[in-house]
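For reference, the structure discussed in these notes is given below.
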Amino acid sequence: MTRPAPTAAHPHGPAPQAGPGPGAAAADPGHGSGHSPGSGSSRYDGGHRGHATPGRTAAGHATPGGAPPPPPPSSPPPHTSPPRTPHTSRRARRWAPRRWSLRRRLVASCVALVAVVCAVIGAVTIFALHDFLYGQLDSKVHDTAVRAGGPRPDQSGLGQNVPGGRNGLGPTGGAADMPHGLSFVFLSGGGQPGETVAATVSSAGTVTEAAVSANSPSTGQLVADDLTAKQAAVFSGVPRDGKPHSVTIPGLGDYRVESAASVQDGGTVLVGLSSESTEDTLSTLLWVEVSVAAAGLVAAGLAGAALMRIALEPLRRVAATATRVAELPLHRGEVAPLSRVPESDTDPRTEFGQVGAALNRMLGHVGSALHARQESETRVRRFVADASHELRTPLASIRGYAELTRRGQEPVGPDTRHALGRIESEAARMTTLVEDLLLLARLDAGRPVDRTETDLSPLVVDAVSDARAAGRDHDWRLELPDEPATVYGDEPRLRQVLANLLANARAHTPPGTTVTARVRRRPADVPLRRPADVVLQVEDDGPGIPEKLRRHVFERFARGDASRSRAAGSTGLGLAIVHSVVAAHGGTVDVASVPGRTVFTVTLPTAPAAGAVHALPVPPAPSDS
């Protein structure tokens, strides 16, 4: 279906937007020069969407000569997150914690717990050491501030105690040197740490002088060096409350500074000690704790994984026992003794032991039920086999006496002759049913079939010829390979499989149906580990098999018509015999059906299955299903 192209007069779309052009200002004086095309007001005109007229846009702008307006500027696409690919989704699901194994969850929980403990211990240690080191530093700063604000020493000895410098006391101790560095005599005194800063601040808040103690290059002793104006300006912002404060001095680093009143001139002295050594200690401790915590987490993860593997080993053995039991063919036949959880894994004092003990109790109940079922099936199978065997003789006698009476010397009437014919036909039918039951009983008992090298192509030709003779109202076709389709099997049983499949197609399809018997060889598939085999297919274009019946088509006494009459229904054993015989040959049989096409596919191995031995061949007559 082709959609018409949208026009400017479409009532459900925004009107076209014109860009600025000659005459725009005159046509719409209300819009100033600051109006820009594509703005919200001009694009939708306050939400109004009307018909556009020639030479004018919906926003009221005129276009020269009625020319069509230019398209509106494209707006930037909205920000969208990149689409999630199937690979990304699978990876996210794989790493989702709810999909983790129990061992991975436990190890992750242990590692997370250790990480939290390490983080708490590290944080407490860092904070405690921080308070301790800064407490010591603040104590030293306070003592230095008290010493700096105390009385000045006798100036007569300054020249001998303090080496001179540009900003220090002169070697002569003259009066000219005293006003400049007299307040900082303590900076070069004995026992004072290097890089100590000091500054004097007037009552007006002006820094009058500032210096830092440093080692003299010539003598190696401490001297006082002036700070630059930028460095000294830092002290003007320090609160003068007698408490330590942290400041950063350009070129020197971080300091703890405290103020003290000067007893000499009534001013304020600010003294500071470097805190970089304290910060270095804390940083070193932090890196050590992080390194130790990382190593501890790795060790905890490895040790936790090993311990969890050991701790969960009983659970793995319980799962292995359940897996071995699940792999046993429990649906039919003789069942081997079920595996049990080892006694060491059934200790009721542990959680895993409780699971193991519960599984053993369940397996005991299942084993008892399977044993009872096996005994019941054995009795039924023996009864069917014995009854079938015993019924063959009386049935043969009935047929013989009926035929003898019909051919006797005494003349019989038409009614009697008809009755004798019915007796013979029903006896023959019952004989076939008995033979089928006896065959199924023997196959259920595990009696292996007699296997010889057999070419399926001649068997299919014979079976289709017989089917054509019995069902001339059907169209029978053959598709055979050029080379022999050789299998190892029991020829009479394989003939019975072919006869039952073709009889099933003839009995359950209307006249005119095309039935094709197809044989082909299928080579081995090494990547799929599939050996070479022969595929036999019987296909028809009939009405198909209902879904409800298709699920049970290979079961015994499964019939498309529930009627018990021979004309309307069948015994329901034909396809069951096909399934049992093919399974005894180590092959498979399945069915695919849709209205107008039904295909039965039989796959037989080209080599004898392991454990195949010769057994009693019992070739009964073909059975319709």
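Quick reminder: no glycine exception, Cβ is built from N, Cα and C everywhere.
Over in TrEMBL, the protein carries these features:
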| type | residues | note |
| --- | --- | --- |
| COMPBIAS | 1-12 | compositional bias 'Low complexity' |
| REGION | 1-95 | region 'Disordered' |
| COMPBIAS | 20-30 | compositional bias 'Low complexity' |
| COMPBIAS | 52-65 | compositional bias 'Low complexity' |
| COMPBIAS | 66-85 | compositional bias 'Pro residues' |
| TRANSMEM | 106-129 | transmembrane segment |
| REGION | 145-174 | region 'Disordered' |
| DOMAIN | 309-371 | domain 'HAMP' |
| DOMAIN | 386-608 | domain 'Histidine kinase' |
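Note on the domain 'HAMP' (309-371): its mean pLDDT in the predicted model is 83. Panel annotation: around the transmembrane segment (106-129), residues 97, 100, 281-282, 285-286, 289-290, 292-293, 296-297, 300-301, 304-305, 308 of the same chain, lying at least six beyond its termini, place a Cβ under 8 Å from a Cβ of the stretch. Across the domain 'HAMP' (309-371), the DSSP tally of helix, strand and coil residues reads 41 helix, 0 strand, 22 coil.
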